[in-house]
Amino acid sequence: MAKLLVYGSLNIDYVYQMPHFVQPGETLLSLSRQEFAGGKGLNQAVALAKAGGNVYFEGAVGKNDGTLLLQVLKDNHIDLTFVKERDNMASGHTVIQVDPHGQNCILLYGGANHSHSKEEIDTCLSTFASGDYLVLQNETNDVAYIMAQAAAKGLKVCVNASPLNQAIFEMPLEKCEFIIVNEIEGSALVEEKEDADPYLILSKLKAKYPQSSFVLTLGSKGSLLSMAQQDAVIACKAYKVQAVDTTAAGDTFLGYFVEQISSNVEPQIALQRATAASAIAVTRKGAVPSIPAIEEVLAFVKEHGSTLVDKL
Ligand code: RIB
């Protein structure tokens, strides 16, 4: 069984239910406030573990405020040998507004997520081998470095190019086995408009990074999968569900998809299960607490059927 390493963020999410997103110059009373474990790295690691993966985490929290985050890793049987507790540093955190439609907007504070040294990265990577998987997002420092080092060792690197900022454009994405992006990230990588035809975005991504496979997620429309060196595009419609909070839906999708691929599940079945996992996640509040177990995902697909289609 391949080892699945996540190098990523651990955030405390402060989630505020709002009548609408705060506008410039506006002061708006929130309807409620809740605190959840989150961070793209942690969410994806939990999704990988709940899907059945053998998961390892490299990350960092503040010594004084990281207890909840460490506990989530332990509860999900994720190896935390390479998780550091930093003195005099706060854990990463977010302020998340959720509107009545379940949409969110996120203010992100990096904190300890940006404290990794190259030596720590090298030490961690030295315990992984060719054929193991590395899952990356863009909420930690030196992602480009670990991407290059891991690929050179033969690890299968899967990157979620999110959140989108200049660091993404400086990463050696051509070394990645899987690049998982939404339409905003995908279009930016190929200098297309956000509302361009998703099939055009996908074909331009494939032309730019011919060695990589792609998943292009399209929110409530669904997702497209294109494997490296293959012309076929696999399309999967999203399930229609009542969304209460979309936070971590993309992370849940990614974790399930990568774990299933690493377990040699057929790509279209991996895509279908990832779609179901994220559909369940949006019906629940919070990041980590919204991620379903594999049994729930399999039961959901059985009950609601296939949403694979010829074209979106
Ligand atoms: O993708 C959702 C995550 O993004 C949240 O849990 C938040 O921590 C931000 O990192």
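Placed from the backbone N, Cα and C atoms, the Cβ positions cover glycine too.
Just so you know, TrEMBL annotations never went through curation; they're auto-generated.
ATP binding, as stated in TrEMBL, involves THR217, LEU218, GLY219, SER220, LYS221, GLY222, GLY250, ASP251; the candidate among ASN182, ASN264 given for that site is ASN182.
All chains included, 27 other C-beta atoms sit within 10 angstroms of the C-beta of THR247 (K(+) binding site). The binding-site residues in question are LEU42, LEU218, ALA281, and the one with the fewest Cβ neighbours inside 10 Å is LEU218. Cα to Cα, LEU218 (ATP binding site) and SER290 (K(+) binding site) are separated by 20 Å.
Of all the binding-site residues in the record (LEU42, ASP245, THR247, ALA281), the one with the smallest CA separation from ASN182 (ATP binding site) is THR247.
Report note: the substrate site is defined by ASN11, ILE12, ASP13, GLY39, LYS40, GLY41, LEU42, ASN43, GLU139, ASP251, and the residues of the same chain whose CB lies within 8 Å of the CB centroid of those residues, excluding them, are GLY8, SER9, LEU10, ALA37, GLY38, GLY92, THR94, ALA248, ALA287. Close contacts with ligand 1, defined as a Cβ under 6 Å from any of its atoms, occur at ASN11, THR247 among the binding-site residues ASN11, THR247, GLY286.
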